[in-house]
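*Asks:* Pulled from TrEMBL, these are the listed features:
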ACT_SITE  C169  active site
ACT_SITE  H227  active site
ACT_SITE  D250  active site
BINDING   N290, D292, E340, E345  Ca(2+) binding site
DOMAIN    161-253  domain 'Transglutaminase-like'
Amino acid sequence: NAVIGRYKLSVQSTLSGASSPASLGTFVLLFNPWSSGDDVFMPNKAECEEYVLEEFGIIFAGNKNRISSFGWNFGQFQGDILNICLSMLDRSLNYRQDPATDVSHRNDPKYLGRVLSAMVNANDDQGVLLGNWSGNYEGGKSPSSWTGSGEILQNWKKSGFKPVRYGQCWVFAAVLTTVLRCLGIPTRTITNFSSAHDADGNLRVDEFYDASGNHLDRAADSIWNFHVWNESWFSRSDLGPSYSGWQVLDATPQEESGGIYQCGPASRNAIKEGDVDLDYDCPFVFAEVNADCMYWNYDPTTGKKTLIFSKSTTIGQFISTKAVGRDDRVDITNDYKYEEGSRKERDIFKKARKKLGLEDKFDPTAPTPQETDQKPDISGKFKVAGLLEVGKDLNIILVLENLQSDAKTVHVNMTAWSTVYTRRPIHEIWKDSISVTLSPKEEKQFPIKIPYTEYQQQLTTDNTIQVTALCHVEGGIQVLVQRDITLDNPAIDIQVLGEAKVNKEVDVEVIFTNPIEMEVTDCVLQVEGNDLLRGILEIDVPPLKASEKSSIKFKLIPFETGPKHLLVNFSCDKFADIKAFKMVNV
């Protein structure tokens, strides 16, 4: 339980009554998850290997209908990273305000986890990364272009500790993983799909749509396609043994906690059991995986809002992390909550509401009498037809079904917007409206085609499009149909030509074929990989004509044996950040 950090070591020798101290140098003390007395002790050795020693990771993204993944180079043992992590501690607000007290707490992983969750974002303390969710990343690097933490931490130090531009949730989480693993605290990244950002702490997120079906960017609350945070493993002497184990930390600046942008550690067991009164930030994390959703129709002229519908099973799906020792996805949703729709899950939700003093307030899951009387007359959904790829036309089908035994007339207003992964609308791509009559119990399909030429200019680097249909049923209540679509980037292929041996040159070929009917320009390939090359290799690639194949060759000289990971990121004017990785056995 000693304080971690840099120690001076000297020896005192006494010769005929005169003593002289001699300095032997310095050493750095870290947390030790292999030692049973340590707060971060992790009994499973394979987990220690993965969560402390592994420098490569896989982060999950996309959306709940289509989970994607990409590699990340944590690089916690690369040159200078340890020094940067230690200097991060000395730049925190706590250290600046009271150095002696701050240092005396550096034996406590829950204290350091909280401090570092604040230091990884630039808010409040000139920390490592500046967040940007605007869709416009001028003046910095787009968040999706990073492939590892090393470049970010090095840039922060090189610039005299000015915040690096720009980060989004997975970048904050990946950098925090690097820092905590570097200090010996077992840590992993977690992706939550359909993640709630509950700004007002009522365990409910509100979304607003206008009469045309446009998703209005007016609520502080939001539902992100996915959100990435961290879990770190340590004991909770402050809460008791049943709350030890995995603890949630979140470095993405979403809401203030104790006056600054930091989040956690929140015990994962406390989240599952609805013990939202325990330290730290349990209500926010509980809402991320459990909040109920309310969809409203909002009239900007009158300010009147009408509830369209509410849903309690949307939020917190397919909670994912990388498997130990393998590149697979593991679903840990059941570690965060009891099964959706089960009695136990609703009981825990009520318990949490009660602990937060919300039980007397409006319960979003209990409909008002006027809503109970009126059930929707129709149901609707968007189906995907064909491939979801950047460069291809987007084909979707709106399916409407009359649930009643008399005919219904429906006026449908449809929109498609490009969004960032937080589902914040950026550009309108397309809109249309139709009026249809549905015979009793009839189902009708309406194909929609959005050509590539129409969405190409508007797409963000997240390749996400939100389609919405607001259906006004004559004499009935409105029905909202929506779907978030993530388009896949084209593939890129990595080949290692020959055997990789220490200190011997080996050729690598990266192959990309331009899949679209127009030239792509400003092509750049970025390559990184611990122990395979030093720093980041950047290669400018000549423009590619329609359907042209590009072969990019470069040499590596590996300097360590073992399984290593090569990460590549290819960008051009039409495609942002096509990522791939390859395991190279040296």
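Numbers here mean position along the shown chain, with the first residue as 1.
Backbone N, Cα and C define each Cβ position, glycine as well.
The model shown is predicted, which means the values in this text are computed figures rather than measured ones.
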*Asks:* Counting only residues 6+ apart in the same chain, whose Cβ is under 8 Å from the Cβ of H227 (active site)?
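*Replies:* Once residues fewer than 6 apart are set aside, H227 (active site) is near C169, T191, N192, S195, H197, T252, E288.
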*Asks:* Between the recorded positions D250, D292, E340, E345, whose Cβ has more other Cβ atoms within 10 Å than any of the rest?
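*Replies:* Of the recorded positions D250, D292, E340, E345, the highest Cβ count within 10 Å belongs to D250.
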*Asks:* For the recorded Ca(2+) site, whose residues are N290, D292, E340, E345, find every other residue on that chain with a C-beta no more than 8 angstroms from the centre of their C-beta atoms, and list them by sequence position.
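*Replies:* Other same-chain residues near the Ca(2+) site: S312, T313, I315, G316, K337, R346, F349.
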*Asks:* Is it possible to get the count of other C-beta atoms within 10 angstroms of the C-beta of C169 (active site)?
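*Replies:* Other Cβ atoms found within 10 Å: 28.
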*Asks:* Between D292 (Ca(2+) binding site) and D250 (active site), how far is it from one CA atom to the other, in Å?
*Replies:* 21
*Asks:* Going by C-alpha positions, which of the binding-site residues (N290, E340, E345) is nearest D250 (active site)?
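*Replies:* Closest candidate to D250 (active site), judged by Cα separation, is N290.
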